[in-house]
Amino acid sequence: MFGLILRALASRRAPSLTLFLLTVLSAGAAAAAPQYIAATTRDLATASAEAAPVSDRSATVRRGVDQGDLRPDSVTSAEQEVRDAFALPDLTVRGSLLVNGAALHGTDQATVLLVHRTGFCAEIVVDGSCPARPGEVAINEVTARQLGVKPGDAIQYHAPGVDRYPLTVSAVYRIKDPYSDYWAASGLLNVGGQASTPLLTTPETIVDAKPQGTTLVVDTVASRDVFSHVAPLTVRDHIVSGQRLLGGRGYEPQTPLRVLAVTIYNSQLDIVYAVPISLVELLAFCWIALFLAVRHGALERHRDVGLLKLRGASRPRILSLTLGQSAVPMLAGGLVGLALAFPLRAGSGIAKASATTTDLLSVGAALLTVVGAIVAAAIAERRALGAPVALLMRAVPPRHTGWRYGAIDGVLVILALAGAYEAWAYASRPVAETDVAAGAAPQSTWLALLAPALLALALGVVLARVLVPIAAKVGQRALRAGRLGVAFTATELARRPAVPRLTALLTAAVTLFCVAVTTSDTTNRLGAERASTEIGADKVLLVSAASRARLLAATRAVDPDGRFAMAVVASPNLGVLAVDATRLAAVARWRGDYGGTDPAQVAARLRPQAPAPLNVTGTELTLAATGVRGRTKVEALLQATDGGTVTADFGPVAGAAADYRQRVPECESSCRLVSFRFTGLTKVPQRVVGPDAPPLPPDRPTPDAVRLTALRGASGGVDAAAFADRSRWRTAVAAGPQPPAVATSTAGLLVTPGPTGESDPSVFVDDSPDRLPAIAAGVRGAEFSAGDPHVVAFPGASVPVNVTGDAHALPRVGRDAVLVDLETADLISGDLGGGESLQVWATDDAPADLADRLAEQGVVAFSTGTIAALTDRYSRQAPPSTVRFQLLAAALMVLLAAGALGVIVAVERRPRGAELTSLRRQGLTARAVTRATLGGYLVVSGVALVAGVFAALPARTVLAAPLNVFADGWDVLPPPAAVRAVPLLLALAAAALVYAVVVLLAAGLLRRNGGEPT
């Protein structure tokens, strides 16, 4: 019998080969699905951990330590305690002791933490020696400049319980990599949103100081590949267990790592749930396509079955012979499909399952596909087995009769309507942001998820119901009019039993393929748009520089033409993005949501005309000054051309007019005068005023006052006219201590400093606009319009702003932020400091050695981010991964539908060829034969293509829920359009090409059989 089946297959090679290929595709996709789930869930965990900031990969515990419990080994003991409690591999554990106080040096002081942190000497570059003995500290460059100290100097530290504890500065340090896990996990560089530069010391120093309040902090950081070794649920369980244990010992835990693990696990569940839905659609489609292929392929075997019945063959034997012709290629296709999927083995399990379990799921999925296909084939063969011999021996195809077909169509339409309602209700349901953040978003039903497929099938059925009678009438009219080609085409559509079901199948395939393509396009655009917004330019370098001005000068030095590099200071915690607006149009990846479609116009609004700076050139500066009263220390703060800070200390000014000189080698090529600092040196005796004593007169003179007349160098400088111009001088723009009193006369600038330590000593050159121009995004615009607008442009510097435009969002800092010009903000702030994140944005055209060029200018690059790399990371999240499988399944559905179409056309090839040959002998023209040959199933395919596109539009726009590609609910930018014309037309063209190739191939066979005269 098996040999008979093989000979039957050989005589009908085209249908048999088609069944084989369809089963290969279906079984291969089914076997690959579990491996795809395992691979994508593992890749998702890795990508999420790689993209997560250190703050999300950390778990921190802290507790206060009393004076009596403070020991030199407190940190190491706590580290071991935390390590044992969490009991996770790939954790880096570091501890710190923190004391909050102030460093004092003479009359200067700086609020700064006194810190011991494990391994800090390896993370800093020191000028001097790293603290090793009690009483030694390392001080940051910024704080050292503020206090005026150097290695070897003595300072004091004041804190609760510590009264001027003596310390020795053993080193002045700068941080090697402020963006490293070491510093990011500690949070020491951004305490309370302010720039923090801690004093670093030994644990013995803190123990000896005996402060009242010492905080012990232990932070643990998971490696970026932690979830490659440990399942997210296991990480969560360990963190929860350790959190409970440490909480009982007095620690206050903060565990973002647990949240990250839960988020990753929920995203993995999205893949685990979504991929099987696409697989179910694919398998159902496969079985329907194979059912139609076998059902109409059985027409060729009707005469054989009739002969077997005439010869008395038993029903089981007939079933074996007929079903075997379908089962053999299906079994072979299943084995080949499974073999083709074998190289795709992920080598890992799904969730906590083993790799072996995943392999068994692949085998089971392939087996289910083949068994379902054989069952579908058996159902398709059932009609021939029950038909009478007289009907089987006829060459006329059977007609659909009875109530069953109408009932099936009706049920399908009802299911489609129910699914459409479910999908619409789910898409329209409002979801609170808190629910999304908590992972409590409402879940869609399976019926809603299958709504596009049901809608497409129902539309195909309805169209087929309408198409058949219309084709019959068109055929009749064409026949009367003598248009034989049209008549034959229409008659074929009206009489062929395959047309209704085939129309529904082709329509569903086109619909699902168009939905998958447009969904994939939207997903890809969302990932690319978020990456572009979060990066800002093609490439962004995180850098370290001595000041904002140094960063600005270095970037302009390496790119004098402003073509590929731009200095940026991003402050996400403050909601401020400061950019070099002169390069904004050339470097930034701009979009209209950032404040306007033209970045050049936006840049122009950020840079108003400002007063000319006061520059001086020379290696020695001379200050002409007069001590009006008392003695006043005068310092000039200048900025070199490379952005470096220069301080010229002219010493005490007292008595009659005189010249005070100071060497400044840094100003050989020019310096910009930033400000003067005035410190009164006359001590005023404290006067105790009793309750009955008269009040002090309001005009009581302050002890010190100084007049500045000129500042000269080798060239340039400030003359008497500039010192006498009151509009060129201002005090600090931010609220703070009382500023000095400033007055001008023809004699120069008269400054009366306030009490030492209680007032602001600075008088600034007014070379910036009165208010900082800004583009306000989100609610910041409304906030600014409600009162006098101020913004903290950089940590510790609040400046007035003038809102010159609004935006939906801003790159890097998101919504509710402001965009300002870096140079203008630096001028108006006047502190010559840094910022939260110093960056250099670059285009793809930037030279490969850009980092080296910046290093030559004193700007060190630590890490680089690109839009392409971040886009790739987002493409590995759950929604894009499920959409890719959906796209693959939809493409296979188009091929399955085309295969069914090919089988049906191939089955009809012989009788159709005989008919055309007879008609050709009777005088039918070749043109009419060609039209009849190409018309029938090309019309069916065309109707399915048009109907599929029209069904895809509501499926993507009305029935589809808002697509959220990101597990964190990111929605800074407005969502893109659900359907774009180009992807939709490309999907339509691809499906049309596949259908046309199949039909034209079959038509070529028909022409060879019946299209030429014999």
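Placed from the backbone N, Cα and C atoms, the Cβ positions cover glycine too.
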Annotated range (TrEMBL: transmembrane segment) out of 502-520, 958-976: 502-520
Other parts of the chain folded back onto the transmembrane segment (502-520), taken as Cβ under 8 Å at six or more residues beyond its ends: 281, 285, 288-289, 292, 452-453, 455-461, 463-464, 467, 883-884, 886-887, 889-891, 893-894, 896-897, 900-901, 904, 937, 940-941, 943-945, 947-949, 951-952, 955-956, 960, 963, 978-980, 983-984, 986-988, 990-991, 995
Number of helical, extended and coil residues in the region 'Disordered' (56-77), per DSSP: 8 helix, 8 strand, 6 coil
CB contact flag for the transmembrane segment (360-381) and the transmembrane segment (446-468), at least three pairs under 8 A: no
